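As written in Swiss-Prot, here are the features:
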- G34, G35, N36, G37, A38, G39, K40, S41: ATP binding site (BINDING)
- 311-480: coiled coil (COILED)
- 519-665: coiled coil (COILED)
- 666-783: region 'Flexible hinge' (REGION)
- 832-1115: coiled coil (COILED)
- 1209-1265: coiled coil (COILED)
Amino acid sequence: MIERGKFRSLTLVNWNGFFARTFDLDELVTTLSGGNGAGKSTTMAAFVTALIPDLTLLHFRNTTEAGATSGSRDKGLHGKLRPGVCYAALDVVNSRHQRVLVGVRLQQVAGRDRKVDIKPFAIQGLPTAYQPTQLLTETVDGRQARVLALPELKERVEAIDGVQFKQFNSITDYHALMFDLGVVPRRLRSAADRSKFYRLIEASLYGGISSAITRSLRDYLLPENGGVRKAFQDMEAALRENRMTLEAIRVTQSDRDLFKHLISEATAYVSADYMRHANERRSHLDQALQLRRELLGGRRQLLSEQYRHVEMARELEEQNGAEADLETDYQAASDHLNLVQTALRQREKIERYQGDLEELSYRLDEQSEVAAEAQEQYESCQERSEAAEAEVDELKSQLADYQQALDVQQTRAIQYQQALQALARAQTLCTLPALSADDVESWLEDFRAREEEATELLLQLEQKLSVANAAHSQFEEAYRLVARVVGEVSRSDAWQAGRALLREWPALQHQAQRVAPIGARLAELEQRLNAQQDAERLLQECVKRSGRDCDAQQLDALQAELEAQIDTLTQQAADAGERSMALRQELEQIAGRVGTLSARAPAWIAAQEALNALESQCGETLEESRAVTDQMQQLLEREREYTVERDEIAARKGALEREIERLSQPGGAEDARLIALAERFGGVLLSEIYDDVTLDDAPYFSALYGPSRHAIVVPDLAAVRAQLAGLEECPEDLYLIEGDPQSFDDSVFAVEELEKAVVVKIADRQWRYSRFPSLPLFGRAARESRLETLYTEREALAERYATLSFDVQKIQRLHHAFSRFIGSHLAVVFDNDPEQELRQLQQRRGEIEREFTGQDAQTQQQRQQLQQARELAGLLNRLVPQVGLLADETLPDRVDELREELEQARDAARYLQQHGATLAALEPVIGVLQSDPQQHEQLQQDYQQALQRQRLTKQQAFALTEVAQRRAHFSYSDAVGMLGENADLNERLRQRLEHAEADRSRSREQLRQHQAQLAQYNQVLASLKSAFDAKRDMLQELQQEMQDIGVVADASAEARARTRRDELHAALSENRSRRNQLEKQITICEAEMESLIKRLRKAERDYHLMRTQVTQAKAGWCAVMRLVRDNGVERRLHRRELAYMDADELRSMSDKALGALRLAVADNEHLRDVLRLSEDPKRPERKVQFYVAVYQHLRERIRQDIIRSDDPIDAIEQMEIELARLTEELTAREQKLAISARSVANIIRKTIQREQNRIRMLNQGLQSVAFGQVNSVRLNVNVRDSHAMLLNVLSEQQEQHQDLFNSNRLTFSEALAKLYQRLNPQIDMGQRTPQTIGEELLDYRSYLEMEVEVNRGSDGWLRAESGALSTGEAIGTGMSILVMVVQSWEEESRRLRGKDISPCRLLFLDEAARLDAKSIATLFELCERLEMQLIIAAPENISPEKGTTYKLVRKVFNHIEHVHVVGLRGFSAAAEEEHMAQPLEDTPA
C-alpha cells in the first residue's frame, strides 16, 4: 500500500513574535493552545501563506489589527510580519520519501498601502540533518542570528551537494511542482482552481458550514466530464462544419452566376485595360512617329525661317544704317534751318542794339560833361563850407576857452600856448621863420592873394584839359575799332591797318551776297545725289535677291523674267490646291469606310471567337451554317445515351449506401431497434460483446451463433419476461441470451467444428449446420473490412456517376452554346474578314498622308518663292524710273565744288556779320588816326601841379588866419594883465563868431544846392551808363552768338534750308516705312520662329516623353506579355473586338468592371488585396496578376483531380456535378454524425448514475461521524425536475420536437436550449444565449442538486444548516464535508498524478474549544481513518490526549515581543512533558 505524504514541520522566520520558530507537525492532530493574541492565528496564517501565496486571495480576518482603518489594504498579512526579510516554510515528505522544503519569502513594502512582496521557492533533496532554521538564518556572535536574503539562501543551498533550489515567478509553476510532489490534492491550473482551494482552506480554518462551498458543491465534488463534453463539442463542431460545408455548397451552387460574373467582370476589367494598353502602345508608336515627322519638318521649316530672318535682318541693318545717315542729314538740315532763322533774328537784334548804342553814347558824353562841371562846383563849395565850419568851430572853441579862462587863471596860459602853437604851424606852412603875431596881418593878405592866383590858374588848366580830352577820345575810339578787327596793333600802324580793312570790305560784301544762289544750286545737286545713292542701294538689293549681277541696262529684262516666274508659281499653287482637294475627298471616303468596317468588326470577331470555341468543344470544323445545325442534332442524341447510363449508376450507388449505413450501426447492430431494446432490458448486444473479435475468427463466430448473432445478452431472463408482452418495435425474430456481459463466453452451445463450417447442437433433437460466410460481418474488424470494400466500390461508382453527369452537363452546355451561337452570331460569322479590308484602307490612308506631307512641303516652298519674286518685282518697279540718274557719274564732283564755294561765301558772310558794324564805324573816323595827341599827358601833369599848389596856398592862408585870430593870446604874459585884455578879446571873438556863422550858413545852403544838383546829374549819368553797358553787353553777346552760329543770314538762305529739310524728311519717311515693314516682317518671322521653336521644343519634349513612354511601356508590355504567356491567358485577354473601342470607352468599361469586382471580392481578403494593388495605373502587369489570381482562386474552388479544364467558367459548370455528389455525401455524413437525442440522454443518465454511485461511496465513509446530537452526515444527490423532464423528452418523445433537432439553422446545443425553454417556460433565462444554455445542458452537473444532510437526534435526516445546528455540530459537519471534497479531488486527480504518489491531507480548525470532548475524539478518529493531518487552535483548557500540543505565550522583553512555545506530546501514550527544540533567542533581524 502506498504511504501517504505528510507535512513534517512549519517554520516561521521574522514573523511578529516568532523570529525563527519551527513547529514539528503531528501525523494526525497538531494543537495550538494559548490565550487571545498568543500567535495561534499568525502560525496558521504562515502555513496558509506558504501553501497558497496569492495576495489576491489571502485575507486573514482574525488579525491583531481588526477594526483598523487600513484593514482593507492590509488583508491581515502586513501586520503579522516584522520589518525586513520574512520566511514561511513547509517541510514535506511525500509518498516517495522525498523531502521537499516549500515556502515563501515575504517582505513589507514601504508605503501607505501596507503591501507585502511574496516570492515562492522550493528546496529539493535536502538531507534530514539540515533544519529549516539553519538554512534561513545565520548565527552572529554566538547568541544572535541574522535572516538571510533570498539570494544568500540560494547561494547557501546550492553550496550543498545534491540539493536543488528553485525560485518561481508564477504561482502556477509553484503549485504545479507541489502537485507533482503530492503536496496539494489537485492540480491548480488557474486562478479559479486556486480560489476553490483557498475557499476550502478558509472554510476549514474558520469552521462551520461554509456557504461558499455548499452553494457550489457540484463544482467541488463532481468532476467535469471533459471527455464527454469535448466529444459532444467535437461532434457538434463536425456537424457545424458539415452544415457549413453544405451551406457553402448550396451557396456555391446558387452563386454560379456570381462566379461567372466574377470571371466575366475580371475578364472585362483586365482585357479592357490590356487592350487599352495595346491600343495606347500602338497609338503611342504612331504618335511617336508622327511627332518625329513633325519634329523633322519643323526643323526644316525653322531653318528656312532662320535663313529668311537672316536676310531680312541684314536688309534691316542696311536700312538702319541708311536711316541713321538720313536722320543725321535731316537733323543737320533742321539744325541748319534753325540756325538760319536764328541768325536772321540775331541780325535784326544786332542792328536794333547798334542804333540804341549810338544814341546812348551821344547822350552819355553830354551827361558826363555836365556831371563833371557839377562835381567841380560841388567840391569847391564843399571846401568853403568846411572852412566856414572850421572857423566857426575854432571861434566857438576860443570863446569857450575864454569863458573858461575867466573862471580859471590857468585858461589864459593854455590860450597863450595855443596861440604859440598856431604861430609855429603858420611859420612851418608858410616857410616864414621870422613870422610874429605883429606882422601876421600883412602876410595874411599876401597869402590870400596867392590863393586867388592859384585858383585862377587851376581853372584855366581845367578848361584846356577838357578840350584835349575830346580830341584824345576820338583817336582812342578809332584805335579801338581797328584793334577789335585786326587784334593788337601799334598806335603808329593803326592808320595803315584801318585803310587795308576798308579796302577789302567791298570784295567781302560781294562774296557774302552769293551764299543764297550757291546754296540753292547745292541743295538741288545734293537731292539728285541722294536719289542716286538710294537707287544704287535698291540696285544692290535687287542683285542680292536675284542672286546674279546686273547693271542698269539689264533691269528691264530682269523685270520681264520675274513676271513670267510669278505667273508660273501662281499656276503651280492652283494645281496643288486641286490635288489636295481630291486627296481630302479620298480620305473622307476612306474614313467613312473605316468607320463602317470598325463597327462591323467587333461583331464579326466575337462571332469568330464563338465559332472557334464551338469547334474546339465539339472537335469538328464548321464551315457553313448547315454544319452547325447537324452538329447540334448529334449532341441531342449523345445526351440521351449518357442520361440513361447515369440513372443506372445512381441506382447501384443507392444500394451500396444502404448497405454501408446498415454496417455502420454502433455495436454491430444491423437493426437500430435492437439498441433500444438492449437499453430497455438492461442488456448488451451479443455483437457488442464480440466486437473485438479478429478478422480471422469472425467467420467462426458468425457461423457459431448463426441467426442469433444479433441476440441481446441479459443478466436475468425472468426479469425480461414481463416486458416481452408489450413489445411493438422489435424485429421479427428476437434472440435473448442469459449471462453476465462482463464475463460472457461461448460455453452455452455444444459445437462441433467442421471444415469451413460448424454444427451447433441447439437441443437433443435440433442441430444447426452453418458454413463459414465468405464475407463475415461479425465483429468490428470484419465489418470494417467489408466497409472498406464497399467504400472503394462506392467511390468508383461515384466517380463514374460524376463523369457521366459531367458529360451530360457538358453536352447540355454545348447544346446551349450552339443555341446561343445560332441566335447571336450565325448571321455574320461567315461574312468576309473586315480586318483585312481595314488593313488595306489603313495602308492607302498612310500613302495619302505621306503624299500630303510632301505636297505641303512643296507648297510651302512655292509660296516662299512666289513671295520672294513679288518682293523683287516691287523693288524693280521702284528702280526702273531712276535708270538715267544711275548713269550720271559727274554728280558727286559737282556737288563737292559747290560745297567749297559755299563754304568760302559763308566764311565771308560770317566775317562781315562779325566785323561789318565795326568797319562801318571806322570808316568816318579813320582820318584821326593820322596824328596822335601825345601832349595830353603833359597837360594833365600841369593840371595836377596847379591843383596841388592851390591846395597849399589855401592851407597857408588858413594857418595865417588862425594865428591872426589868436594874436590876442600872445599878450597873456601874466594872469593879472590878461584880465583886462580878456574882456576886449571876448567882444572881438563874439563879433567874429557872428560873421563866421553867417558865412557858414551861406556855405551850407550853397553846398546843399550843389549836392542835390550833383546827385541828380550823377543819377542820370549812372542810368545812362547802366543802359549803355547793358546794351553793349547784349550787343557783344549777340555778336558772339552770331559768330558762333557761323551762318550768313540772307533772304534766300531760309528757303533753301527749308527745302533741303523737307527733301530729307521725305527720304527719311520712306526709309522708315521700309524699316518698319522689315521690322514687322522680322517680328512676324521671329514670332513664327519663336512659336516654331516652342512647338519644336514641345514636339521634341513630347517626342522624348513619348519615346520614353514607349520604351517604358515596351518594358512593361514585355513583362505583361511574359506574364500573360506564362500563365496562358493571352487568348482570354487579347480580345480583338476591343481594339475598335477608344480609350475612354475601354476605361469606362474597366471602371464599371472594377466597381462590380469590388463588390464581388469584398469577402475575399486575398483577391481584395490583389484587386487593390491592380488599381495602380502605372503597373498594368498587376491587373494580369489579378486575373491570374482570379483564375487560381477559381481553380482552387473546383476539384482539379476530377475536372480537366483550363477555363474557369467551364470548370465551374463542371463543378456543379461534383458539388451535387458532395452534397449527397455530406448529407449522408450529417446523418451519420447527427447526434441522437436519445443517445445524449443515455450518456447523461449513465454519467449521473456513475457520479451518484461515487457520492454514495463517499457517504459510506461519513456514516460513523458524530458530533453532538448529529449521528451521521451524508450528501444527497438528486436530479432536478426540470432537467429530468428534459431527459425523458430526449429519450422517449424526441419525435415531437424534430423541428428543433432537424433544423439546419440550429446546432444541437441551441436546439437543446430551445427544447429546455419550451419545456420550462416559467424559468427566466436572462441574457444568456441559447448556445451558452445548450452547452450547460450538455454538462451533467447542471442536472444535479446536492444537499448536505445530517441525522440529528429524533428529527431524523435534516438539511444541514448553521441555524439548525449548534456551533460544534456545524463545525464538525463542515469538517466532514471538507474531508469529502478532499477525497473527491484526490480521486479526480489520480490519473493526472504519478501512481506512486498519495498526496498530503491537511485541514485547519480554529476556535476548536466549541467542540466537546466526544467531537474532538471523533475528529481524531476521522483523521486516523482518513490518514489526514489536522491543525487546530484551542484555548488553554483544551488538552487532548492524542497528537501534539503547543502552548503559546506572548511575552515582552526589553520592549520586544516574542512568543514562548512549549510542546507537549499526547499524554495517553507518554505522560512526559518535553520541551521542543528551543529556537535561537529572538532578536531583531
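Cβ atoms are placed via backbone N, Cα and C, with glycine included.
Values in this document were obtained by computation on a predicted structure and should not be read as measured data.
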Using a 10 Å radius around each Cβ and all protein chains in view, which of these binding-site residues has the most neighbours: G34, G35, G37, G39? G39
Which residue, of the binding-site residues N36, S41, has its CB surrounded by the fewest other CB atoms within 10 A? N36
With H, G and I counted as helix, E and B as strand and the rest as coil, say where DSSP puts G34 (ATP binding site). strand
The coiled coil (832-1115) [mean pLDDT, rounded to integer]: 78
Taking the mean position of the Cβ atoms of G34, G35, N36, G37, A38, G39, K40, S41 as the ATP site, which residues outside that list, in the same chain, have a Cβ no more than 8 Å away, listed in sequence order? T42, A1433, L1448, R1450
Mapped onto three states, the DSSP assignment of G39 (ATP binding site) reads coil
Mind checking how the region 'Flexible hinge' (666-783) divides into helix, strand and coil residues in DSSP? 45 helix, 26 strand, 47 coil
Count of other CB atoms lying within 10 Å of the CB belonging to A38 (ATP binding site): 23
Other C-beta atoms within 10 angstroms of the C-beta of K40 (ATP binding site) total 25
